[in-house]
Amino acid sequence: MKKQNNLRSLAAQAVEQVVEQGQSLSNVLPPLQQKVADKDKALLQELCFGVLRTLSQLEWLINKLMSRPMTGKQRTVHYLIMVGFYQLLYTRVPPHAALAETVEGAVSIKRPQLKGLINGVLRQFQRQQETLLNEFATSDARFLHPGWLVKRLQNAYPTQWQHIIEANNQRPPMWLRVNRTHHTRDGWLGLLEDAGMKGYPHPDYPDAVRLETPAPVHALPGFAEGWVTVQDASAQKCVAFLAPQNGEHILDLCAAPGGKTTHILEAAPEADVLAVDVDEQRLSRIYDNLKRLGMKATVKQGDGRYPAQWCDEQQFDRILLDAPCSATGVIRRHPDIKWLRRDRDIAELAKLQAEILDTVWPRLKPGGTLVYATCSVLPEENSAQINAFLQRTPDAALSETGTPDQPGQQNLPGAEEGDGFFYAKLIKK
């Protein structure tokens, strides 16, 4: 492998772009993976996800072992040392190889003069590892979450916040949704077994399958033909609450990448579905999913706050609003969220959610159903949001989900092995 494609230096650059520049790992990682051999892609992904998952600990260690922070053009070395710590703590990479490759990464980022520094810090960590980890275990950094988020979770869930944090720090299972228009779930599980893999049906979600071991999608029976889709079990519950019917006019708002759009059409193949998302670049993901599953829907770019951008005065039988949110329920799947979000974002997101709810509600027919969903665990975006909406919207009533005192249903991360999700089913009187 060429030196400029040193895995450790690429991982360091990816983490730096997330933490320092506010870019999402899903945007940063794919171009970097193109620079390494296929056999190395999984390790590069593991290093990036792992460092972001444990960033608080790795930062704490650097502060203990270095007298001053690295700044300016040397900042990438800061993250390269983190990659070294992560390998020594959490991977099966032999320590000598972890050190050698991490030190060599300095050459790839054109900082060869710092090889000795990197080597010295990593070896010092090896010598002091037990003492350092014992001290870390009593520090605030041990939660592996930013302090503002820990405080919000403590306030919202006084008896459950530690369980939420522990779930967020775990690796997520791989959930699939079997396309019922092609196969029964049991039938597809048989095909999976024939392919040498094992899956488990979810007891409550009729299309959901959890893989015993995560696998690349191209290895899944019939993935290219649309027999199965990658989607967390908790996300599949949105369409169960929506209960779409054939012949209905249905709006999927904030629809990208299209997982719920296609789920609606699997449940009601003859429904007339309009999928709308504000991000024009992500519309291609909706088209790709529709094409792979052999389905048709109308797809438009538009802001949920301005319905005139994407439809005329028509009303819908059902609306699924998967609202823009903090994504604090899917941290285990996207650990970069911890470092991309800021405390001030929550109030801004809650304001945006309220605006979308208020402007889309008139587009729902009397007697129609609106399902409001987020992948957040914060009450400001969930139960408090719906409570405020019900108070200012006389023709809205809660159905199936929660009580007037606690509107909506909150799934916490790890519950039934799913992501953290919130749902509120509203009926228009």
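Including glycine, each Cβ sits where the backbone N, Cα and C put it.
On a predicted model such as this, the values are computed, not experimentally measured, just so you know.
According to Swiss-Prot, the active site, nucleophile annotation covers C375. Among the features that Swiss-Prot reports, S-adenosyl-L-methionine binding site is placed at C254, A255, A256, P257, G258, G259, K260, D277, D303, D322, with the record citing sequence analysis.
The maximum pairwise C-alpha distance among C254, A255, A256, P257, G258, G259, K260, D277, D303, D322, the residues recorded as binding S-adenosyl-L-methionine, is 19 Å. Listed in sequence order, V276, D277, V278, G304, L321, D322, A323, P324, I356 are the same-chain residues at least 6 apart in sequence whose CB falls under 8 Å from the CB of C254 (S-adenosyl-L-methionine binding site).
In this structure, the C-alpha atom of G258 (S-adenosyl-L-methionine binding site) lies 15 angstrom from that of C375 (active site, nucleophile).
Its Cβ placed at the centre, D303 (S-adenosyl-L-methionine binding site) has 17 other Cβ atoms within 10 Å. Between K260 (S-adenosyl-L-methionine binding site) and the residue listed as 'active site, nucleophile', the C-alpha separation comes to 13 Å. For A256 (S-adenosyl-L-methionine binding site), the Cβ neighbour count at a 10 Å cut-off comes to 24, with all displayed protein chains included. When the alpha carbons of D303 (S-adenosyl-L-methionine binding site) and the residue listed as 'active site, nucleophile' are compared, the span between them is 19 angstrom. In the three-state DSSP classification, C254 (S-adenosyl-L-methionine binding site) falls within coil.
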